[in-house]
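K.L.:
Below you'll find the structure I mean.
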Amino acid sequence: MRNANGDVIGGRQVPVTVSSSVPQDERTKKMRNAGIRTLWTFIMIGGFILLLLMGHVYMILLVMLCQSLVYREVTALFSLGMKGKGEDTKVTTDPKGRAWSNTFNWYFFAVTNYFLYGETIIYYFKHVVFSDANFLPFAMSHRLVSFMLWTMGFVAFVASLKKQYLKQQFGLFCWVHMTLLVIVVSSHFIVNNILEGMIWFWVPASLVICNDIFAYVWGVTLGRTPLFKLSPKKTVEGFVGALFSTVILGVVYGTFFMRFDYMICPAHDLGVSAWSSVHCKPNPVFVWRDWTMPPPLRLVASSILGQNVTHIPYAPYQFHVLALACFASLVAPFGGFFASGFKRAFDIKDFGHSIPGHGGMTDRMDCQFLMGMFAYVWYSSLVREMHVTVGSVLQTIVSGLSTHDQVELFMDLKRYLETKGITV
């Protein structure tokens with residue numbers, strides 16, 4: 001036997017066994033983390049679907065919650081960045097300085113949301129806002145009030161400048177406004193997608209999630225070639241496999257959901273849900289059409305299928321969802337790469353701990369902001385129909401005509417309707 005110094009004791013040598021408790025503990029920890037991550041994945045998906053069914057208001061509240069958590073996580077990195085540079089951090093460590101920084105952050109966050117959500121309410125609910133005298137002051141002065149609120153914050157910021165902390169204070173000012181531009185403005189477009197029709201929010205968001213899952217599956221099974229140095233786990237095989245899988249799934253997925261009025265109808269009443277009776281005249285992109293096949297292709301298809309085939313049914317939305325799927329596969333992942341580079345710059349693993357097993361909300365939303373903006377720009381540029389609505393006419397009347405002219409217009413409209421046999 002040998003003692004601790006390696007000497008033989010009693011003439012016998014006993015084999016020494018190395019404890020494997022450390023690797024075992026590591027494996028147990030990884031399995032536990034994987035279990036937590038899987039559990040919260042199903043909780044998030046289930047909650048997402050439940051809120052979708054409950055209605056537009058709940059989806060908007062979800063977007064507001066996500067943007068608030070992301071904003072908090074990103075703005076919190078400013079003090080970490082200053083410490084990493086060796087800056088004087090008395091402003092952040094001093095209770096008064098830290099309280100002012102938090103007040104400054106959230107004040108501009110509230111003002112920006114007031115402006116953006118106010119614009120959304122005025123645009124999408126003109127028929128309510130301009131028909132109720134109680135809402136008129138808000139609608140008519142909304143932009144002026146928003147600007148004055150921002151100006152008050154700007155004046156307060158300048159008045160609080162201190163010579164010894166100028167670099168940090170101006171850095172915080174720029175950091176906050178860039179965060180507002182990237183996060184809050186993007187969230188505003190996502191809310192607009194919800195109000196334009198739930199399908200313009202649900203399908204793009206789902207495509208990003210599916211693409212991420214497909215990239216993981218293909219990467220694990222076939223991945224060999226690294227794709228991006230900032231994300232060493234991403235592979236070319238996973239990226240390409242996810243592209244084709246997302247495109248195929250996207251067309252099938254979009255074709256299924258375009259069948260439901262609840263998904264395609266713009267929001268005119270925030271009280272509706274998936275169980276409500278929702279009807280509207282569908283946008284032409286959701287209307288099925290027939291494509292007449294050229295004679296050579298018709299002959300080939302008929303011989304293969306064993307019956308005469310002359311037309312192929314399609315809906316224009318299928319081409320739009322094809323473009324959304326390509327963007328979700330080719331461009332949206334770069335939002336994740338951007339976030340990975342951001343985390344490497346601050347030497348952190350996750351943006352926060354908002355979601356057990358998943359890190360921060362920013363880690364889950366890094367691609368969604370980019371996707372949401374693209375979906376809105378695509379829809380507003382190529383899909384949205386520009387019609388004269390009651391709300392838009394009412395807005396013009398209220399904001400452009402005097403009270404006397406409004407009364408005269410009402411009397412003229414009344415006489416016109418009476419000639420049509422309609423009693424007012």
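Placement of Cβ uses the backbone N, Cα and C atoms for every residue, glycine included.
A TrEMBL annotation is a machine prediction, not a hand-curated record.
Summarising the annotation, TrEMBL assigns transmembrane segment to 39-65, 106-124, 144-161, 170-191, 197-218, 239-260, 317-339.
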K.L.:
What residues in the same chain, six or more past the boundaries of the transmembrane segment (239-260), come closer than 8 Å to it by Cβ-Cβ distance?
P.N.:
199, 202-203, 206-207, 210-212, 214-215, 217-219, 222, 227, 286, 315, 317-318, 320-322, 324-326, 328-330, 333
K.L.:
What else in the chain is close to the transmembrane segment (197-218), if you only count residues 6 or more beyond its ends and a Cβ gap under 8 Å?
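P.N.:
Distant contacts of the transmembrane segment (197-218): 52, 56, 59, 190, 234-235, 237-243, 245-246, 249-250, 253-254, 257-258, 262-267, 283, 321, 324-325, 328-329, 332-333, 336, 367-368, 371-372, 374-376, 379.
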K.L.:
Would you kindly check 39-65, 106-124, 170-191, 317-339 and say which stretch has the most C-beta pairs under 8 angstroms to the transmembrane segment (144-161)?
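P.N.:
Ranked by Cβ pairs under 8 Å, first place goes to 106-124.
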